[in-house]
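A short worksheet on the structure shown next.
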């Protein structure tokens, strides 16, 4: 036993030496990068690289999955409230004064690359020529006009989206919404083999764009604070932010949740509220809220030990997942940020660059900070508050007659007999937005659709109706043109079907 203990001590000592060497090498490289910064960028680059250094230090300290599976418990009954209960309280007469304490923050760092678009994802057209950003501005403008309030919109951009977003913001200069932006950090990608940054200098244009990345939306706390905007908004009397992904079209300002925050029934205010919703088979990978060491904690699939992944995915054991619609007290962000007390697990995101180089990105997620805040709460909201558009399959749903658009908000059509959304899977010929748009002369009637799968070279004529389960498969070399006015109900279409213009 003694020799075993000695060899273990030797191993951990050896690991510690390696850790220190890696940290020292990283510091040397980061100093070299910083030395290339022009004087007007120096302060900013310094802050970014300091933040990165802290994250890298933590990355070297941590070993294996970051949760001890044995400590995970179901959250106590009252820690996740049903939305119905919160709505049943009604609204006070002075809802405008409550609204005036709110700031809407949209996470706007993502590019539209997964949908074949260049530039910010928020500028993709979603409905009647309106982009994600247009719809967001319309929603808040409608709120401000209806209640005579001043709810501002804050966009957290990344270095990838900042320029394009700022250009487009000029078109809202006459809208009834104050719009602010701040940038999340810019961190260097790390060579997976050497654990050193692949960037040689601070520039991030041209061939250097691949050397840098925005470190996930968990970066919001530090960047919001560092930008000075957090203090300005507190100075204006704002108390809560409502944070959500810009591509979640269901994430509109909910007055009942806001009232619950500002006027809590037990007199004790929550600092952090996470909207969760019931899992379906499509959401098995979503992060879930658990009780862990007497705190509410968000557990993501990446943190789960391999032996327990199937259990984590079980819809019966973990019934809810995080929508990433979050309500957070501004004063709490300031307090925790100043104490350096916001603790978020590191997500290691491996990537392969175009040249074949394997790199890793160290990221954090905004919801993971829930355990650092006091008096946190989950609210189990209807599925309609989670309507993300990640793919063209999602885009087809929100463009269709399943939804009606009113003042920038999409709501499920009353003509749909059941509230669930159809399952839509479009094949690789539809991945890019421009290909997708070319393949539909008009968006089909989908009010009575349950399931649609389309694969291969398929196009849709005008005024097609889809009902029940529809599967359309064009094998390699075949093409299927669904004729204008066609009604497909519980049909499988395969082979070749060419509609020739006469």
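Glycine is no exception: its Cβ is also placed from the backbone N, Cα and C atoms.
TrEMBL annotations:
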type    : residues                : note
BINDING : 121, 184, 216, 247, 390 : UTP binding site
BINDING : 217                     : substrate binding site
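Long-range Cβ contacts of residue 216 (UTP binding site) within its own chain (separation 6+, distance under 8 Å): 347, 349, 363, 364, 365.
Packing around residue 247 (UTP binding site) is summarised by its Cβ count: 22 other Cβ atoms lie within 10 angstroms of its Cβ, all protein chains included. The Cβ of residue 121 (UTP binding site) lies under 8 Å from the Cβ of 110, 111, 112, 115, 132, 161, 246, 247, each of which sits 6+ residues away along the same chain.
Cβ-based crowding with a 10 Å cutoff singles out 217 as the top-ranked of the binding-site residues 217, 390. Neighbours of residue 184 (UTP binding site), defined as other CB atoms within 10 A of its CB across all chains, total 27.
Taking only the Cα positions, the spacing between residue 390 (UTP binding site) and residue 217 (substrate binding site) is 16 angstrom. Between the alpha carbons (Cα) of residue 184 (UTP binding site) and residue 217 (substrate binding site) lies a span of roughly 8 Å.
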